[in-house]
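These notes concern the structure reproduced below.
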Amino acid sequence: MKNRVIGFFSIFIVVLLLYLYTMAPTVSFWDCGEFITCSYILGIPHPPGTPFFVLLGRIFSLLPTFKEIAARVNLLSALSGAIAAAMMYLIILKFIMRFKENKEEKPSLFVHIIAAGAALASAFAFSMWDNSVEAEVYAISTMIIAIGIWLTLHWSEGIGMKGNKNNLLLIVYITFLAMGVHLLPLLVLPGAIIFVLMVNWKELADTKLIGIGIGLAIIGVTTYAYLMIRAHLNPAINEADPQTFSALWDVFTRKQYGPMKMFPRKTQLETGLSFIPALWEQLRVYFKYFSWQYFPFPRENTGNLLKVLSIFGTYVYALIGIFGIYVHYRKDRKGFWLFFITFLLLSLGLVWYLNLKFSPSDPNPHHQPREVRERDYFFAPSFFFFSFYIAMALYYWGTRLREKRVWATYPFMGLAIIMGVIPIISNFKSHANRRHNFIANDYAYNMLISADDNAVVFTNGDNDTFPLWFMQYVKGLKKFDAKKKKGVMLANLSLLNTNWYIKQLKWAGIPIDFDSPFRGTRYEQLYNRQKRSGKYKGTFEEFVIDHLYPMKGEDGSILYVKDLAIRDIILASCGIKPTFEDLTMSGKKFVQKYINKQNFHPSINIYFSATVSYDNRQMYQNHLKMEGFMYKVVPENGYNMVDVDKTQELLTKDFKYRSIFDPNVY
């Protein structure tokens, strides 16, 4: 027991220290900015809402661990990843001791070293490391899965002992509680249930146990009540506005992103591939991400020698792990199904369920459509748990050879240490190392100061919105105040297709008028009918916003809700009551009629961020003037206009460039 405790804390401390050394000092790109900001202000992030993560993040944001709030929340992931690695060490010990006939036998030094090496390989596999040094949900999810596996094994060792069933209840509680972080931890349950049925099925026939388990599951899920409670208080970030049970269900089921479909495979959509080849392409993406985990190539550009070593090394890790699967099956059939089912669901099961598009780094130009970013993080837990099988194989070879040579375990102890250290060396100079990386922070700062006060800025998506939210609501830079005409309001074009977001912009003080254009239309007739019957209690404008949908313009083009909203904001800010014809006329006619010196006098500055795609701003292209990282909508007509003086001032005096020119920052 003493050696296990020492081993546990040794792994925990080593992993945590390396995670802390490489941890992001501030905000990172993608979801991190949103998670940090929502943790700080108790907001509501994108569906499925991650309420438990936000609450944990709030607690960590209050702890005086770092001066920087973002680093405090990042610490949550680093701690979780380190605990997960230490739990992996204990899990390997427990499984190996299941192989022994003498259950009282203590693990040898050989077993401890094998477990420690595999735990290090788990912790520093690229995707796990990458997600353990920023404010993300995958390190916590992996930790919960590891704890669930350990508790299941711990239950099997104490059958018949008083209170032993509490281990099963705890598994149920923490996995359903973890739904407030991510749904991944639920994938430990199928393997655990099958294991319990194989070991002692009568446990699951206990109606009292089942009743308490259901109650604990319900209690675990109640963290989702946070979303409704906070939504009623209108926090600055309130995605999907889940004030009702139906809206809450839409958040939980991610309705905003469309239904999850298993057929057809998304790799079939534009390629003409049949089902099997399309599925194989998705499996290839998973195997590609696996090849990133332990060696630099093909994730990084390398020299020929390192390329050869990387390819060879990846095959070595893979083949040893595959043999370890066989070893585990032969040695411990019941325990095999507990771990293998969990691993299978976290790997190939997710490939099937997620039905991903092609990787954005796919070299074949005909492979379309593509994901907007690499999705290796979805599979981080599977890469983490794969190292378990490496431990199984090394243990088997070491013990078999020890029967002939007493010293035979020493080479395998050395190999275990080497296989644990290689990922550390390989991934230290990679995106997993965020030490001194201030790029997202300074990027957000530079974006915001590019815009004048009292402005609405149309942004493209996650990376030109989430870091800026962090800068506004955590750092207090350019926070929008309509009454004082200060700050900047971000209008994310991806969200501008949703009714709740348009309402939130209006409540924040952005000029929006969806009342005037729809008077005298069928909208008004339908509204009056539902108002009289009591089916709708809001205003006419709210009714219109709730029922907006893409429309066909007079020139036959499709106008999405975001297109209607941009036009509406432009007109309302100029004090013009928009008509239905204004919203649906051709883009060229709209610009000629309203974006000119006679009509364009907005009460609020209107910008497009420089990151907005051309197709989203092409209609206004000849009326956009670059100011730093922003395009300002102006009445003048010109091509590639630039406010030279302001931009030069920003570039040479005001912008921050930390990390960009630092060769030690990835």
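Yeah, the Cβs are placed from backbone N, Cα and C, and that goes for glycine too.
Predicted automatically and left uncurated, TrEMBL annotations should be read as such.
Copied over from TrEMBL, here are the features:
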TRANSMEM  5-24  transmembrane segment
TRANSMEM  75-97  transmembrane segment
TRANSMEM  109-129  transmembrane segment
TRANSMEM  135-156  transmembrane segment
TRANSMEM  168-197  transmembrane segment
TRANSMEM  209-229  transmembrane segment
TRANSMEM  308-329  transmembrane segment
TRANSMEM  335-356  transmembrane segment
TRANSMEM  377-397  transmembrane segment
TRANSMEM  409-428  transmembrane segment
Best-contacting stretch, by C-beta pairs under 8 Å, relative to the transmembrane segment (335-356) and drawn from 75-97, 109-129, 168-197, 209-229, 308-329: 168-197
Of 5-24, 75-97, 209-229, 308-329, 409-428, whichever stretch has the most CB pairs under 8 A to the transmembrane segment (109-129): 409-428
Outside the transmembrane segment (5-24), six or more residues from its ends: residues with CB under 8 Å to it: 32, 70-71, 74-75, 78-79, 81-83, 85-86, 89-90, 93, 112, 115-116, 119-120, 123-124, 129, 132-134, 424, 428, 432-435, 437
Long-range Cβ neighbours of the transmembrane segment (168-197) (under 8 Å; 6 or more residues past either end): 48-53, 55-56, 137-138, 140-142, 144-145, 147-149, 151-152, 155-156, 203-204, 209, 212-213, 216-221, 223-224, 226, 334-335, 337-342, 345-346, 349, 381
Spatial neighbours of the transmembrane segment (409-428) far in sequence, C-beta under 8 Å, 6+ residues away: 18, 22, 108-110, 113-114, 116-121, 124-126, 129, 293-296, 310, 313, 317, 320, 390-391, 394-395, 397-399, 401-402
Positions on the same chain near the transmembrane segment (209-229), where near means CB under 8 A and six or more residues out: 44, 49, 51-52, 54-55, 165, 168-169, 172-180, 203, 242-245, 248, 251-252
